[in-house]
């Protein structure tokens, strides 16, 4: 079988979600509405956090970073998916494919570290409330955010370089609606063992270390909440931390199913469903979860909406 270096490949073909014209149009309308709602929800939260001085604290600083990631994640994949559904243009250039892969992995890697930082922030707030402002200062948050984005960038650069040096044979058909690591590994006809080992090792170290930080933080938070005498204090702590915990469960559950496994277990149909959960639905649900369970965010959102109505 003849091998062709990926550097000579000019384009790939995305399988997409459906070939039926009626289904394509319905899916286009559905995902367009979800995408626009995701953009509106996360942009509104960003505006509320940046304009309301009462939200200028570490927790909402990290929430603003999460909203930014929730804007970037679907933007990396959904526009091309909508073009495929509406115009049946399934072709994506090599550069476009690699850029899609790079931004997606960058967002996923950055969010893993961000969720761990948010868990640590809640641990300090609940377990050491009197020292909170001294331990988690805005200067520390800014440094953490810069470090998180930088690490996410280099993590994505590593994974993208591993995929970009693969060899392919006759097939150029990516069995997914966007370029991702599992379908690219499955498409390659060159040995992928060493690359898979690096990807699984890096992903395992990054994922397990951040998960342990998150898990330990919430164990201490739970113990601290159970020791609280006031039911009102317990309810407030559960409400604030419960929102973050729901986001963590959604994110880790879907990303582990997608990335932390060998390519021999790759299932295109299953992966499309899972990828929609963390790539499309989770960015939509995050602002809903935080706004519905947080009184300060709801007040800020109502103020932003009133200002928009007045301007219109």
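Heads up, residue numbers simply count up from 1 along the chain you see.
Each Cβ is built from the backbone N, Cα and C atoms, and glycine gets one as well.
The domain 'G-protein coupled receptors family 1 profile' annotation in TrEMBL covers 41-290.
According to TrEMBL, the transmembrane segment annotation covers 25-48 (among others).
TrEMBL lists 60-79 (among others) with the feature transmembrane segment. Long-range contacts of the transmembrane segment (60-79) within the same chain: residues 31, 35, 38-39, 42-43, 45-46, 49-50, 100, 103-104, 107-108, 110-111, 114-115, 117-118, 121, 138, 141-142, 145, 148, 177-178, 247, 278-280, 282-283, 286-287, 290, 296-297, each at least 6 residues beyond the stretch ends and with a Cβ under 8 Å from a Cβ of the stretch.
Residues annotated as transmembrane segment in TrEMBL: 91-120 (among others).
Sequence-distant contacts of the transmembrane segment (140-158), counting only residues of its own chain at least 6 positions beyond either end whose CB sits under 8 Å from a CB of the stretch, comprise 58, 61-62, 65, 102-103, 105-107, 109-111, 113-114, 117, 121, 198, 202, 206. Annotation comment: TrEMBL describes 140-158 (among others) as transmembrane segment.
Summarising the annotation, TrEMBL assigns transmembrane segment to 197-225 (among others). If you look at the transmembrane segment (197-225), the same-chain residues 6 or more away from its ends with a CB under 8 A from one of its CBs are 109, 112-113, 115-116, 119-120, 122-123, 126-127, 155, 158-159, 162, 181, 234, 237-238, 241, 245, 248, 252, 255-256, 259-262.
The transmembrane segment annotation in TrEMBL covers 237-261 (among others).
Marked as transmembrane segment by TrEMBL: 273-292 (among others).
Confidence over the domain 'G-protein coupled receptors family 1 profile' (41-290), given as mean pLDDT on the 0 to 100 scale, stands at 84.
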